[in-house]
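Comments concern the structure below.
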Amino acid sequence: MNDLWTIEDSNNLYQIEGWGHPYFAINELGNITVSPQGNDYKIDLFELVKNLQKRDIQLPLLIRFSDILADRLQRLHSCIEDAIARYDYNNVYRGVYPIKCNQHRQLVEALVEYGKPYHFGLEVGSKPELMIALATLEVDETGETLLICNGYKDEDYLETALLAQQVGHNLIIVIEQINELYIILELSKKFNLKPQLGVRAKLQTKGSGHWGDSTGEKAKFGLTIPEIVAVVNRLEKTDQLECLQLLHFHIGSQISSIAVIKDAIREASQIYVQLVTMGAGMKYLDVGGGLAVDYDGSKTNFYASKNYNMQNYANDIVAAVKDACDEKNIPHPILVSESGRAIASHHSVLIFNVVNSNNPPQELPIIGEEKEHLVIRNLWETYENIDEENYQEMYHDAVQFKDEAISLFNFGYLTLKERAKAEQIYWGCCRKIYEITQKESYVSDDLNDLADLMISTYYVNLSVFQSAPDAWAIDQLFPVLPIHRLNEKPNKKAILADLTCDSDGKIDKFIDLLDVKKSLELHSLETNKNDENIDNLIPESNDFKPYYLGMFLVGAYQEIMGNLHNLFGDINVVHIECKKDAYQIKYVVKGDTVTEVLKYVEYSAEDLTEKLRCLTENALAKNQIDLDNSQRLIKNYEENLRSYTYLI
């Protein structure tokens with residue numbers, strides 16, 4: 001332990017209080033703790049991971065804390081109910097969970113169960129999601145639990161949805177394309193029923209962040225105002241205007257600015273009021289998603305944060321709708337939201353281990369002054385003369401001499417060993433200068449690249465494409481940090497490289513209070529042997545003590561959007577539930593084996609094994625391999641087919 005470093009220093013460095021409260025903290029041992037119910041009971045995450053490994057549940061793994069789901073749901077309802085009471089709003093809130101956010105069975109079933117006291121429903125955006133919802137969501141005898149159908153819809157989708165209304169589901173079909181209305185009217189006539197309908201409006205309010213184009217004329221989904229008026233006219237002509245009961249809008253996911261939300265709800269409230277005055281049977285105003293998660297803990301309108309809390313969000317929505325309705329003496333609608341990210345993000349933690357590291361070279365070569373090439377002597381002289389007064393000039397000299405050495409090598413005037421010496425001295429110069437700059441209050445711009453050169457690469461047992469696709473695809477920031485050793489001062493700055501053979505398979509952007517960091521503060525890897533100097537060019541041992549990292553707030557979208565790049569499959573998943581002051585492993589969902597992944601790309605394990613057997617028989621016949629080794633190869637091959645796709 002470093003006496004000059006405290007867990008409070010780690011808390012500030014990684015912004016745990018900002019993004020993790022009230023669920024994540026650090027204990028006196030320097031380990032991350034999880035409080036699934038947001039109270040005093042804490043689970044030591046490091047000890048939990050070790051216990052899971054003793055159960056043969058290997059890394060990487062995803063740990064889902066179901067009680068966090070329940071707590072997030074309760075907090076959302078509490079905030080909106082408080083706003084309803086505060087503003088004397090004369091109706092209720094009936095939320096729905098958008099299944100697209102994370103379709104995994106255990107999560108959806110848990111939310112349905114936790115949501116019963118609140119009449120919390122589901123939202124679907126496709127036929128498969130509709131199949132999930134119809135079978136999972138129990139019929140609410142009070143009729144208050146909603147099943148909202150969004151997305152593109154063909155006749156099969158619409159027929160199933162309409163018929164499901166007759167078994168007791170309070171199901172509302174939201175019209176997002178004008179042609180859907182005509183199919184609905186024909187099917188309703190065929191089945192002799194009155195549909196419950198909604199319309200999705202393309203608001204003019206501009207969203208923010210990556211999903212800002214979810215509104216406006218170019219939005220993928222929804223109806224323009226003229227199209228909404230056309231729907232009203234058509235329903236009026238068919239004497240079914242009372243069937244139009246819901247107005248829906250969606251201004252995008254992860255809305256970081258409360259001003260955008262205020263503008264959107266103001267516009268939508270006026271549309272709702274006008275629909276009522278036109279005679280529609282309006283009951284519900286669905287404000288969609290957008291309730292953001294503070295990934296970096298900065299509480300700003302930065303894209304990875306938000307400048308409001310859940311109560312601010314609830315207050316602004318309730319107040320705006322009430323004002324618009326009261327002005328026209330319109331009854332207050334039932335409020336609906338589709339806040340999937342805000343509900344699901346916190347409950348999942350991705351745990352993975354570091355398997356190796358690549359650090360800037362630490363050792364200096366032995367120099368024989370008279371025998372060395374001039375460029376090597378120049379570099380060595382530069383190294384020896386670096387001090388606090390001339391380090392900027394010396395840096396430029398070191399770069400020049402290093403470039404000269406490479407040029408000399410390329411033209412055959414420098415041997416490979418001599419080039420190696422030159423590069424080692426150059427790195428020594430960089431390290432020496434970097435240590436000086438760390439003590440300076442100001443460093444000139446031409447030395448900015450030096451910090452990047454000194455960044456280490458930590459290789460992690462993970463596929464970014466499978467487990468954190470948004471980090472790769474849209475530069476989404478997630479909190480990443482060690483789950484132990486947080487009572488020690490980190491002494492490395494590193495980026496993370498995954499197992500895939502792809503240069504994009506890395507994480508090189510990290511949360512920061514003021515900006516985005518290019519590296520993450522980590523600890524040196526420790527060996528199980530008496531080899532402390534693992535930063536050598538060739539360490540004496542790769543037998544590292546376990547070093548575990550966690551990626552937090554990954555419960556929304558990441559699991560379902562992952563792909564099979566390099567055939568790294570689904571990872572192990574564990575569901576944890578709390579029972580008073582203890583936790584229980586509720587479910588274990590094993591990750592993909594090699595055989596299962598190969599089946600996705602149409603390979604048969606049996607066929608592959610047989611081909612390998614034939615190959616070994618041919619090699620035996622040519623005396624290229626003996627019988628024992630041929631059988632050992634086949635055995636290893638079969639064991640690998642049954643194994644986890646990640647490193648064990």
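The backbone N, Cα and C atoms fix where each Cβ goes, glycine too.
Where the annotation comes from TrEMBL, it is an automatic prediction and has not been curated.
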Problem - Given ranges 4-31, 284-311, 340-367, 620-647, the stretch to which TrEMBL attaches the annotation coiled coil - result: 620-647
Problem - Integer average pLDDT (0 to 100) for the domain 'Arginine decarboxylase C-terminal helical' (594-647) - result: 98
Fill in the blank from the handout: Most isolated by CB count within 10 A, of the recorded positions K100, V287, G289, L291, C501, is C501
Practice task
Can you grab the distance from K100 (N6-(pyridoxal phosphate)lysine) over to V287 (substrate binding site)? Cα atoms, rounded to a whole Å.
Solution key: 17
Exercise for the section: Would you identify the secondary structure of G289 (substrate binding site) according to DSSP, in three states? Expected result: coil
Exercise for the section: Counting Cβ neighbours within 10 Å across all chains shown, tell me which of the binding-site residues L285, V293 comes out on top. Expected result: L285
Handout entry: Distance, C501 (active site, proton donor) to V287 (substrate binding site) (CA atoms, angstrom)
Key = 42
